[in-house]
Every structure is written in structure tokens, then in C-alpha cells.
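Below: the structure, in C-alpha cells.
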Amino acid sequence: MNIQQLKTIYNKPLLDLIHQAQTIHKQNFDNDIELCSLKSIKTGACPEDCKYCPQSGHYNSSIEKHRLLDKEEILEEARKVKASGSRRFCMGAAWKNIPKKDLPKISEIITSVKNLGLETCVTLGSLNQEDAIELKNAGLDYYNHNLDTSREFYPKIISTRKFDERIETIRNVANANINVCCGGILGMGESIDDRLNLLMELLNLPSIPQSIPINTLIPVKGTPLGDRYTKAQIDNIDLVRFIALTRILFPKARLRLSAGREDMSIETQTLCFTAGINSIFYGNKLLTENNASINSDDYLIQRLGLSISPMA
């Protein structure tokens, strides 16, 4: 598959594109939705300069910073999300990489969450091979490390972490037999070609992602992109086209409609599900920003006649 072939598929008449994506989707998945929940277990003071992120120590956002939470506080939240119907608990820490002193505690937290009967996922920055193996041994199911955008547009968003460092982390995750969760952010000012090149990068990763989060920019005041834009720079039709193409290229991956969903209408989300989305973050909050409410998600799931994906 090359970029010109991707453009040809992407530019099909919209209904034909959605039909192709939905046909592939039905061949690989039941009529269900995977519920995942997300918790920031260490917030703020990140040394990276990602221009979209309020957790960066380079910017003056109004988030409440905190150090790594105690295990019991994290487990209390994990019990709540399991009771709500989530099957995966994703834990995020604003680090460039895992501090050595915190690795044993992180491993203990993963094991404890796993023992509750939840799938475990973490996003902790760059990951070397040794640490990846330790997290796998602790019971980690998924490691999230997004590429964010195309290789070409990437330097306009981040300068403190090279694109190939992200690829190396994915390689270490895959070599440790941890499932790869990797996607990107749309609406940061990138072109359609950048979005297609992001998909090419995902196709060429050391391991095909089993889970692909599709985020749209949440502009947060105090960050460079939050001060430049008032909303994600992508229209709903282009979002649906991107999702449909992603489903066609990754027929067996869970596609998660992630950040930015709070501002989407039920009609837009319905189109996204039709194009291939079958996973969401469930809960009123993402890492630091608001998510679609539980009540609105329950209503959406009921209206669309979706079933909840059972625990693994």
C-alpha cells in the first residue's frame, strides 16, 4: 500500500467509502462497543513540549499538578470503572520516561489492577526494552504511545522527542509481547496528506496496533495550539473519512474515538461508529480534560442498539 492508493480510497464517494469500511468491520467484529476508562496517575510538570498538551512544564495551563498517586487511590478508581462496565483501565503519567525509582510501584499497580479482572493499559512516555519486559511480567496488556501526526508535520508540534524515538518505544513494546495501542491527533493544523501519512506510519510500525485511538484536538488555553485555535481544525466529514480508511487498513484493530468527543453531536458520533469506531473512553474525564458524560454515552449506546463488549 502506498500513499497514492490511500488517497484513492480516501477520496471515494463518501457512502461508498463507509459501505466498504462497514463491510470489513462486520466481517471482524460483533455489534458491540468496548468501554475503556482513563485515569491520570501523575499529572503535569512533563519535560516534553508537545504543543497541544496542558501537562507540559513549558506552558502555563491551569491544570492541577500532582505526583504519582498512591496505589490504593488508583485501585479505588479501578473498582469504580469496572463496576460501571469498563473492561480496560488505562493509566497515564506525565513523564518523558519511567523514573527508575517509580518502576517497582508502577509494576505493583499494574498487577493489582490486573487482579481486579480488568485489562491493563499504561501510557508513561518512552519505554526501553528492559522496562517493557518488567511491565509485561507485571501483567500489562496494552501500552499506549501515539505517533500523534505524520513524520513531516511532527516537528511543528514537538521538539523534545524525535519521531523515531516513538517508533523505538513501539518496537520495545512489541518485542515484550505487549499489545500496541498507537494512534494520533487530528485537527492540529495538519493537511489531509499528513493524516494519510500518519496512517502509512502506523501500517509500517514494528507491530500492527491492536488498538488505535483517534483523537481530535482539544484546544486548552495556555498551550500553543490552545491559544491559536478555538476548536479542532477538522470537519466532521473528513473525520468520518479518516475513520473509514483506518478501518479498511486495520480490519482487526479496535478503533477508539478518544479526545474531542464531548463536542461531537450524536449524529456525528453515529457516523463515526458506522465508519468503524468500536471503542470509546467511558467516564466524565480523560487525563485532564472533560469527556462525553456517562449519561450521554449510555443514551448513545442505547439509541444505536450496541451491546457492551464483555470482559476479556
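We count from 1, first residue shown onward.
Each Cβ is built from the backbone N, Cα and C atoms, and glycine gets one as well.
In TrEMBL this protein carries:
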- 31-252: domain 'Radical SAM core' (DOMAIN)
- Cys46, Cys50, Cys53: [4Fe-4S] cluster binding site (BINDING)
- Cys90, Cys121, Cys181, Arg256: [2Fe-2S] cluster binding site (BINDING)
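Annotated features, which come from TrEMBL, shown on the structure.
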residue: Cys46; record: [4Fe-4S] cluster binding site; Cβ contacts under 8 Å, 6 or more apart: Cys53, Gln55, Ser56, Gly57, Ala94, Trp95, Lys96
residue: Cys50; record: [4Fe-4S] cluster binding site; Cβ contacts under 8 Å, 6 or more apart: Ser56, Asp148, Ile157, Ile158
residue: Cys90; record: [2Fe-2S] cluster binding site; Cβ contacts under 8 Å, 6 or more apart: Cys36, Ser37, Leu38, Lys39, Cys121, Val122, Thr123, Tyr142, Asn144, Phe281
residue: Cys181; record: [2Fe-2S] cluster binding site; Cβ contacts under 8 Å, 6 or more apart: Cys121, Thr123, Tyr142, Tyr143, Asn144, His145, Pro209, Gln210, Ser211, Ile212, Pro213
residue: Arg256; record: [2Fe-2S] cluster binding site; Cβ contacts under 8 Å, 6 or more apart: Glu34, Cys36, Gly183, Ser211, Ile212, Pro213, Ile214, Ile277, Ser279, Ile280, Phe281
Legend entry - Most crowded position, judged by CB atoms within 10 A, among Cys53, Cys121 as binding-site residues: Cys53
Inset, instruction - Could you name the residues, excluding Cys90, Cys121, Cys181, Arg256, of the same chain that surround the [2Fe-2S] cluster site, i.e. Cβ within 8 Å of the Cβ centre of those residues, in sequence order? - result: Cys36, Leu38, Arg88, Thr123, Tyr142, Asn144, Ser211, Pro213
Inset, instruction - Averaged across the domain 'Radical SAM core' (31-252), what pLDDT does the model get? Just tell me the whole number, please. - result: 96
Legend entry - [4Fe-4S] cluster site, defined by Cys46, Cys50, Cys53: further same-chain residues with Cβ within 8 Å of the Cβ centre: Glu48, Asp49, Tyr52, Pro54, Gln55, Ser56, Ala94
